[in-house]
Amino acid sequence: MGSFRSSLFILVLHLLEGAQSNSLIQLNGNGYEGIVIAIDPNVPEDERLIQNIKDMVTKASPYLFEATEKRFYFKNVAILIPASWKAKPEYVKPKLETYKNADVVVTEPNPPENDGPYTEQMGNCGEKGEKIYFTPDFVAGKKVLQYGPQGRVFVHEWAHLRWGVFNEYNNEQKFYLSNKKEQPVICSAAIRGTNVLPQCQGGSCVTKPCRADRVTGLFQKECEFIPDPQQSEKASIMFAQSIDTVVEFCKEKNHNKEAPNDQNQKCNLRSTWEVIQDSEDFKKTTPMTTQPPAPTFSLLQIGQRIVCLVLDKSGSMTVGGRLKRLNQAGKLFLLQTVEQGAWVGMVAFDSAAYVKSELVQINSAAERDALARSLPTAASGGTSICSGLRSAFTVIKKKYPTDGSEIVLLTDGEDNTISACFPEVKQNGAIIHTVALGPSAAKELEELSQMTGGLQTYASDQAENNGLIDAFGALSSGNRAASQRSIQLESQGLTLQNNEWMNGTVVVDSTVGKDTLFLITLERKFLSPIPFFGVPSGRSQDSFLVGKHNKMAYFQVPGTAKVGMWKYSLQASSQTLTLTVSSRRSSATLPPVTVTSKMNKDTGKFPSPMVVYTKIHQGTLPILRAKVTALIESENGKTVTLELLDNGAGADATKNDGIYSRYFTAYDANGRYSVKVWALGGVNTPRRRAPPLWSGAMYIRGWIENGEIKWNPPRPDINKDDLQGKQVCFSRTASGGSFVASDVPKSPIPDLFPPCKITDLKAGIQGDNLINLTWTAPGDDYDHGRADRYIIRISTNILDLRDKFNDSVQVNTTDLIPKEANSEEVFVFKPEGIPFTNGTDLFIAVQAVDKTNLKSEISNIAQVSLFLPPEAPPETPPETPAPSLPCPEIQVNSTIPGIHILKIMWKWLGELQLSIA
């Protein structure tokens, strides 16, 4: 364990270039190291949970080893224990491990009894996931009947997380037609089982045979496929790892390419094993010839937060009022962002370093004010970043080890010697957050964040964008309880002329309101009167404290701010004003609405697009239909505004999961870009009753035991728009960090961006053998603008359509004019050039083309099956018995002929026709 902990920094340096990942996982030989499993602070203390986690991983490792043909196993795992749990000698202090970079989170179910394991996946096929979520009851083995053994489920979720594969089942469509037969959505197709219909009432279920609809040929929606307990087939883990004999992923030879599941839709019909083979992990390993060792574990307990500000006061900080803006942002951090109980120190540097404050524990406003008074007020000299860092290490070591401490480093200058202290940075184990101010900040600055797992941000000299305050506002601790974290409600700025006003509204919702702070920055002074704020009760609020030296005014709302709309009006002339509003959680039982944002990579090379993601949740519940806007600002000062969408199209991987996404293609220069998002929730903004388990192990509806089908209760239908009756109204802003662009050509920038891939193509039969297609329109440049035309092709062979798209039959699309990106497209056509008769399986794909003839990737492949229902049997008139013969009372059974038997036979024949159609 010791050698792993000491080598953690070296491992972090080998993260994939450009990947925006907080994870510390590394593949060392064939073993995964640096896995962090965090117990959420809301989980009640229970030491057994730690042993349960160990048992789960220990059982998962050999299963992973076998499933990957002796390539991978779990080597060591860090278990992150909440600060509120009782300390023990075996619990050590974390180094770089935090809740932010945890790979697995064990948290309470929300809502109760919703113990489904799942993995949050923002990206597309082959892209790593974000986190795995388990509940304490699941880890304890109390949900084996519902999901299977914990170790096997962990491997299923690990494949989502590490290799970006998807599920091979489909809760929304469990059967499909192929060659006139109903087929279950399974992988591999060789899995044997029974198709049955459970009819449940109360706690008991009756099993009945599935029946096909006479019009569609499909089984009832409630039908289930129950696998046989004994199978000869060994795949697939992404379908049902709960089957005892399933020990492999689906491979190309046994992959069910026709099954309508996420793996086929998102991965272009490739098997999970093919995707895994394309991963960097697979490419740099060879199978082991010996059995792997059992995993080892380190127990880490979160301690007090220790932060040292390292602030540039060199001569260049006088440019554009940078030092004044530093004071304003630093004051926000010290007065509001940093949590009560944290230890904070401060170092300023130019060509040398100066200790402005030793570590001070924040217990009251007095410590906050004293630290704020220590902020540097004069700028001169050169820039020596290493001097500032070394001084910060010394300040921290006077009271605590540097492991797990944090340094906030702000600089605006170049420093060619910054790499000289990289070895000391690795050795000291502090997490370094970097703030690059202006266009000339040291180019190596981001390396410090990347090697230590810190946040990297960039603030331009455009004061009205409020970038510096946003950067400091993003530095709330992710390791503290949710009630202590600062939440930013508003961040606005405007340059006013001729006594103009800046007016607006801030929503204080019921999940926040504690420690609410309104902060205004200015360049000179306010015109009379002082800023006006109208509180929801209708009264005005003008009790602002005005700082003369750092040009700011602020108002701390006493107690809990009143829920409602807070209106503001600020007046000035020929100067820039900014407004920042932050608050904290108001209720111990009601989770706050939180907004987090990130880019898919921290470096972008033209013409590769970037993707901006924003996650909006209340606890673990996703917030839907919010209005989310991203502002992306380059070093040139150009700002691009993007509307982010949760529509399951373009850059957005999954619809209605509370993750809003959009491609960014509007490069205008090389260098740094900052990212900021606004999120607004109004009367049409609901939340789900439960998180969508899109990438989770399959819920076991039933199983066969001693020849009899046993049933679990129906799983709550949480993937539907099952929404709370209470709407969610809120306003939030958040920093998405920064990224660095390269290879951007000089203006005019050529059009090298094709339309994005269509990922939600759906097809159905309409009327007289017509096919109805729907999809979300791509754009001219990925998901922006309007495509020029569509190419639609069809085939009766799914692989021919995928691999020989240009040779497949083309549909006439003369009358199909593309709509604006993200609009719904509908197109109806009659197949020509291919016989379309009863039982025909037809596969359809679409390709978008832009005005410069750049083509998108081929869409997901949609399928329709032409099913002509059999003619209904003619009604047989009842026989009239001869009047002279009495009609005896009879029981209907298989030995007595007559009208009853005839009706039964007709019914049976009809069912037989449907079952073999």
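Keep in mind that glycine also has a Cβ here, set from the backbone N, Cα and C atoms.
Here's what Swiss-Prot has on this protein:
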type: SIGNAL; residues: 1-21; note: signal peptide
type: REGION; residues: 46-199; note: region 'Metalloprotease domain'
type: BINDING; residues: His156, His160, Asn167; note: Zn(2+) binding site
type: ACT_SITE; residues: Glu157; note: active site
type: DOMAIN; residues: 306-475; note: domain 'VWFA'
type: CARBOHYD; residues: Asn503; note: N-linked glycosylation site
type: CARBOHYD; residues: Asn772; note: N-linked glycosylation site
type: CARBOHYD; residues: Asn806; note: N-linked glycosylation site
type: CARBOHYD; residues: Asn812; note: N-linked glycosylation site
type: CARBOHYD; residues: Asn838; note: N-linked glycosylation site
type: CARBOHYD; residues: Asn893; note: N-linked glycosylation site
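Projection of Swiss-Prot feature records onto the structure.
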{"residue": "His156", "record": "Zn(2+) binding site", "Cβ contacts under 8 Å, 6 or more apart": "Ile237, Met238, Gln241, Ala697"}
{"residue": "Glu157", "record": "active site", "Cβ contacts under 8 Å, 6 or more apart": "Pro117, Tyr118, Thr119, Ile132, Ser695, Gly696, Ala697"}
{"residue": "His160", "record": "Zn(2+) binding site", "Cβ contacts under 8 Å, 6 or more apart": "Thr119, Gln121, Gly129, Ile132, Phe166, Ser695"}
{"residue": "Asn503", "record": "N-linked glycosylation site", "Cβ contacts under 8 Å, 6 or more apart": "Lys567, Tyr568, Ser569, Leu570"}
{"residue": "Asn772", "record": "N-linked glycosylation site", "Cβ contacts under 8 Å, 6 or more apart": "Ala763, Gly764, Ile765, Gln766, Val826, Phe827, Val828"}
{"residue": "Asn806", "record": "N-linked glycosylation site", "Cβ contacts under 8 Å, 6 or more apart": "Arg793"}
{"residue": "Asn812", "record": "N-linked glycosylation site", "Cβ contacts under 8 Å, 6 or more apart": "Phe829, Glu832"}
{"residue": "Asn838", "record": "N-linked glycosylation site", "Cβ contacts under 8 Å, 6 or more apart": "Lys180, Leu866, Phe867, Leu868"}
Counting across all protein chains shown, how many other Cβ atoms sit within 10 Å of the Cβ of Asn167 (Zn(2+) binding site)? 25
DSSP on Asn772 (N-linked glycosylation site), three-state: which is it? strand
Enumerate the residues of the same chain, His156, His160, Asn167 excluded, that satisfy the criterion Cβ within 8 A of the mean position of the Cβ atoms of the recorded Zn(2+) site; list them in sequence order. Thr119, Glu157, Ala159, Val165, Phe166, Met238, Ser695, Gly696, Ala697
Segment confidence, the domain 'VWFA' (306-475), expressed as mean pLDDT: 96
